[in-house]
Amino acid sequence: MNIDRKILNKALAKEKVANCQKDYTDIESKFARRTPENTVEDTCHLIPGVTESVANCHFNHSSKTFMVIHGWTVTGMYESWVPKLVAALYKREPDSNVIVVDWLRRAQHHYPESADYTKLVGEDVARFINWMEDEFKYSVDNVHLLGYSLGAHAAGVAGSRTNTKVSRITGLDPAGPNFEYAEATSRLSPDDAQFVDVLHTFTRGSPGRSIGIQKPVGHVDIYPNGGSFQPGCNIQDALRVISQKGFGDMDQLVKCSHERSIHLFIDSLLNEENPSKAYRCNSKEAFEKGLCLSCRKNRCNNVGYEINKVRAKRSSKMYLKTRSQMPYKVFHYQVKIYFSGTETTTYTNQAFEISLYGTVAESENIPFTLPEVSANNTYSFLIYTEVDIGELLMLKLKWITESYFSWSSWWGRPTFTIEKIRVKAGETQKKIVFCSREKVSKLQKGKEAPVFVKCHDKSLNKKSG
């Protein structure tokens, strides 16, 4: 019987690859199953090719598996966030397996070298997952990879090389340098798992130079606070921490925004009753104007663990505001105001304060700035509160003067007439219209804040998408 030589060679090559894959001695990455009782230390390693190691580490074959992949390290040691994330995962999923992928030796080289090593680390992780699937028939539908910085791209490489697609990859501020313009096969991409979600928290700088990658690389890409920088991470906060804790925490300050991605995910695990919401938007500028607080047709989503796994044809860029510390959730509002009057001057960069009063609490003197204000125009802007004030009942609006001895006090104060203020609450999707408590409210710069209450016409106030 004649056998086509090309077919035979192809079959032999395939068999050779299969046999090589069964030799796992060249895998350098380590896979430690940490426990709820010991989230800090790697006490038990699952070793590819050594079947008894899985039983020895008490691996739960019927539960979810989280694989945590760290990023670049200067010290060659795990960072302090690792046990925090492990503990939070176990608190949310007590019967799960949390495996920390140790690639510390490769991660402590100069950054470009460690960036190149992500391909080998990803290959190691993929071979481990394939072995678990082949040897134990473990369902890859139960596997969730969580990669931080360079670890996010290692997770992407792993996902692209598994025999069956893993359920989910979460990219925690995937690294930017060496990856912003890289091919999809060398970095995290939507093709690497059944669902890929990404948190971008430190994208400040030009593309390719920012610590975190700027472009969307998942099915859903979330940019908290615009993604460039995070509240609580500025120089004033740095000086405060140094005064309290000394210079020993300086490295944490440098990583503050980058690492915020991890803590936002931890927050979603610990505060499951109140998930933060992100909103789909074409740009952060449009989001800052409050134009994107819609939840219709999957336009809003939960942040972190309980995200709705929506796979669109192209990546969804989503935005939200957060607090500077955990819990990070805030409450978003779009405010629209029509400024009427006879003023002929256009005022630029004007500072205002708005106060919100609700059935549960109030949030007073929330500052905002309008780039320009002129008569007979409508302006939309975004504000947020750090507390849930309940259903809105009343507003106050104040136009702030630059100083007591400003030019306006000499030449007469600029004045606008405000009849109605329209507010949309992002979290509840309610639209409310507020009318002046007086017949007409005069908004004067530096003067007392006029009061607005819910309009009596019920048709003006409704729930909307």
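Note that Cβ sites are derived from N, Cα and C of the backbone, with glycine treated the same way.
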From the ranges 70-74, 260-264, 365-369, 420-424, pick the one that Swiss-Prot records as region 'Important for heparin binding'.
-> 420-424
Which range is region 'Interaction with GPIHBP1' per Swiss-Prot? Of 283-307, 333-357, 433-457, it is 433-457
Which range is region 'Important for interaction with lipoprotein particles' per Swiss-Prot? Of 17-21, 392-396, 407-411, it is 407-411
Should one count Cβ atoms within 10 Å of each candidate's Cβ, the modified residues Y111, Y181, Y333 would be headed by Y333
Closest of the recorded positions to D192 (Ca(2+) binding site), Cα to Cα, picking from D173, H258, Y333?
-> D173
Set of same-chain residues at least 6 away whose C-beta sits under 8 angstroms from S189 (Ca(2+) binding site) | G156, S160, V196, V217, G218
Using Cα positions only, nearest of the recorded positions to Y333 (3'-nitrotyrosine) (D173, A184, R187) = D173
